[in-house]
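Note sheet for the following structure.
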Amino acid sequence: MDTAEEDICRVCRSEGTPEKPLYHPCVCTGSIKFIHQECLVQWLKHSRKEYCELCKHRFAFTPIYSPDMPSRLPIQDIFAGLVTSIGTAIRYWFHYTLVAFAWLGVVPLTACRIYKCLFTGSVSSLLTLPLDMLSTENLLADCLQGCFVVTCTLCAFISLVWLREQIVHGGAPIWLEHAAPPFNAAGHHQNEAPVGGNGAENPAADQPANPAGENAVLGENPDAQDGQAEEEEEDNEEEDDAGVEDAADANNGAQDDMNWNALEWDRAAEELTWERMLGLDGSLVFLEHVFWVVSLNTLFILVFAFCPYHIGHFSLVGLGFEEHVQASHFEGLITTIVGYILLAITLIICHALATLVKFHRSRRLLGVCYIVVKVSLLVVVEIGVFPLICGWWLDICSLEMFDATLKDRELSFQSAPGTTMFLHWLVGMVYVFYFASFILLLREVLRPGVLWFLRNLNDPDFNPVQEMIHLPIYRHLRRFILSVIVFGSIVLLMLWLPIRIIKSLLPNFLPYNVMLYSDAPVSELSLELLLLQVVLPALLEQGHTRQWLKGLVRAWTVTAGYLLDLHSYLLGDQEENENSANQQVNNNQPARNNNAVPAGEGLHAAHQAILQQGGPVGFQPYRRPLNFPLRIFLLIVFMCITLLIASLICLTLPVFAGRWLMSFWTGTAKIHELYTAACGLYVCWLTIRAVTVLVAWMPQGRRVIFQKVKEWSLMIMKTLIVAVLLAGVVPLLLGLLFELVIVAPLRVPLDQTPLFYPWQDWALGVLHAKIIAAITLMGPQWWLKTVIEQVYANGIRNIDLHYIIRKLAAPVISVLLLSLCVPYVIASGAVPLLGVTAEMQNLVHRRIYPFLLMVVVLMGILSFQVRQFKRLYEHIKNDKYLVGQRLVNYERKSGKQGPSTPPPVSSQE
């Protein structure tokens, strides 16, 4: 047993003295049990923690006050402290008001007024700009528009910085680094090596000079490589060695400048924080940042909006296309894009001239500007134009499904062009996203090397920006055209053709009912809540759907492989083929067949370096059967037939099942087809889920199946009880309470009787319950948060019905019932006993719910102010009379850290 002489501090390893005694403030024992208070305070300052890092026990300090401290603080001390606190609060209020006014008022308003001034196109607007800045006309609208302008300029600035980093770290194109013409086929050929078709002639295809070259939506035409090779030879003959050396020197100098800038930025970043930049630290340095932001906004508006717009405008006016552009309802956007295209052409010409006269710095600057414009245009095409084309094509091919015509779409576009274009762009983005997701699923099933012509999104080296920087523009245009053809053909196959077949076979099935208003007796809000809260989470949040789809794809692939003798080509061989000579014969194909390249060579190895999410998978060889092209053609035909049948099933079965089920609820009334389709999909999902579970249980025997059915039946019963309580009773009571407290007093006059609709109250209650649950989970720890977290942690399979009812459902329902019943009892039972008039009884009955809510809110505010005053009292007492703090020893018997004390401080007085 340790003695007092052997007790040493865990930090300084010294013994205790009368001046510096040892304490044992936490659960730790042995040689780390004791510590000096000074050592602990120093360590807390260093570690910035308030608890022991070993036992997680929170250290406790007891305050030491001056002996002359009175039992109660004098009124003058409290008043002085209160005045000081109010003064500090006012100072901070003024400062934060100035910060908000600067960032939310001055910056966006200045950006909007400057933007309008530049695009007005008159000299008078420039002369009256200072007065326009101070104008209060359309203040709120200009601030909102200015916020959008500032956001655009900020995104442009961040994109420029990011593009610079891509050029610095990923390397600039060869034609920019060397003194060669801008259309340097040698540079392009080297950067495009991983994308070409002739893998056997390009053994360096796997070099990572341009990993983004693999990001092709569709495969490139291998015949184009011959022309590129000829251009490469010509450009190599014309290359100037002296120009290369000068360009290299200029590049080194530019690299030194970039390194110096990086050091300066790092040095500035050490001093600059978000609080200091925005002015939240209490200083006025942010005013300088406001000035620089306004200047940056003006510069970016002038360079990236004003100049391209006017270049495009003057060009369109000169060519006589101004009327056609104005008829599109997007004159500004189209004119700006035309300006960027003309600017890119001008930069190419100037770059070529600078190369001829050997102005290397100017040549590099023009090349970088061309890259910026080129990447910007490609981003607009990839993210804006392509999804928009897909969305419009989907709409055109599905007109008969909704009993619409092109005239209807034209009228909707004329009435709301912005909304129409956005909706079509959104539909196109969803289509592209799910198409890419399906391709990823195919890569997990098929043999590596089958889908070499599709972009590999799982490749960690995939970088679309590097691809935009390095590949020439004609490659992007060719890829864009091929992508449009393929995506459009898939829409024809899976949408337009099934609709024609459905109209021929089931003439009364179409069109779908997509009217905005329904004559159904059921509230649309209730149906939307069921769709959002029940159906969509089950269809989207479950991983079973993806596994089912993957299993179907694998089954189809196996079937097609055995029917067409393409199992080796589609899925690969399970075991190694002993006849390696046959492998070489089967896999060594002419250049026009890109699928026939030996393992580890050429295009396939480059494209299939990483195919699946699990990690890298090499290219796998396959056995090539006789009549291979014919079998591939039959495979494509079989695939098209399968996709057509699958599309027919998806367009008819869920809607038919949903209409049949909803007819029991809504009768013969027509409702939106979204609800019927969602209901049918949910029923189909439940059916498939039940079938798959039963199939998985079949090998385990009848007894195990009965046991599983019993367990699942019990779990379903518990879940239904919990759902009735938490998803039925609680939302209904909550919605009814909200109706009585907020909606009825505001919307219904006193001389009218409010009407309550249980379905609408329940739907609103579901929303309110979800909001309250989310706020509770984000808030501090208290009993409701603890219970909800425990219920979430248990899940459905480990559901504890007794715990949920006792800890969650019963308390919440009791509080809601008391909130509903107590005011009603007071208004209907107690008030009439007082002998008041009928008008007063009606007034009390209608206003007692909001009145009691105000009383509860006032009591909460009063309680909060009392706690704040106690904190202020303690703060004043500590400032005036606190002389130090003493560490509290850990008491093992009570298991608690000691009396309630203020939090530990980082210094000792």
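The backbone N, Cα and C atoms fix where each Cβ goes, glycine too.
Membrane topology per Swiss-Prot: THR405 and ASN889 sit on opposite sides, carrying different topological domain names. Through the fold, the transmembrane segment (848-868) approaches residues 737, 740-742, 744-745, 822-823, 826-827 of its own chain, all at least 6 residues removed from its boundaries and within a Cβ separation under 8 Å. Apart from CYS26, CYS28, CYS52, CYS55, the residues listed for Zn(2+) 2, the same chain places the Cβ atoms of PRO25, VAL27, ILE32, LEU54, LYS56, HIS57, TYR890 within 8 Å of the centroid of those Cβ atoms. For the transmembrane segment (377-397), the neighbouring stretch richest in Cβ pairs under 8 Å, chosen from 143-163, 337-357, 422-442, 764-784, is 422-442. A Cβ distance under 8 Å defines the sequence-distant neighbours of the transmembrane segment (721-741), meaning residues of its chain 6+ beyond its ends; these are 754, 756, 758, 760-766, 768-769, 772, 799, 801, 804-805, 808-809, 812-813, 816-817, 819-820, 849-850, 853. Counted over residue pairs 6 or more apart, the CB atoms of the transmembrane segment (481-501) and the transmembrane segment (678-698) come under 8 Å in fewer than three pairs, which marks the two as apart.
Sparsest Cβ environment among the binding-site residues CYS12, CYS28, CYS39 (other Cβ atoms counted within 10 Å): CYS12.
Between HIS36 (Zn(2+) 1 binding site) and CYS26 (Zn(2+) 2 binding site), the C-alpha separation comes to 13 Å. Below 8 angstroms of C-beta separation, residues 133, 139, 142-147, 149-150, 153, 278-280, 282, 286-287, 290, 293-294, 297-298, 301 of the same chain, each at least six residues beyond the ends of the transmembrane segment (92-112), sit close to that stretch. Within the same chain, residues 104-105, 107-113, 115, 293, 296-297, 300-301, 304, 371-372, 375, 465 sit at least 6 positions outside the transmembrane segment (143-163) and bring their C-beta atoms closer than 8 Å to a C-beta of that stretch.
Same-chain residues with CB within 8 A of the center of the CYS9, CYS12, HIS36, CYS39 CB atoms, the Zn(2+) 1 site residues themselves not counted, are ARG10, VAL11, ARG13, SER14, LYS20, LEU22, ILE35, GLU38, LEU40.
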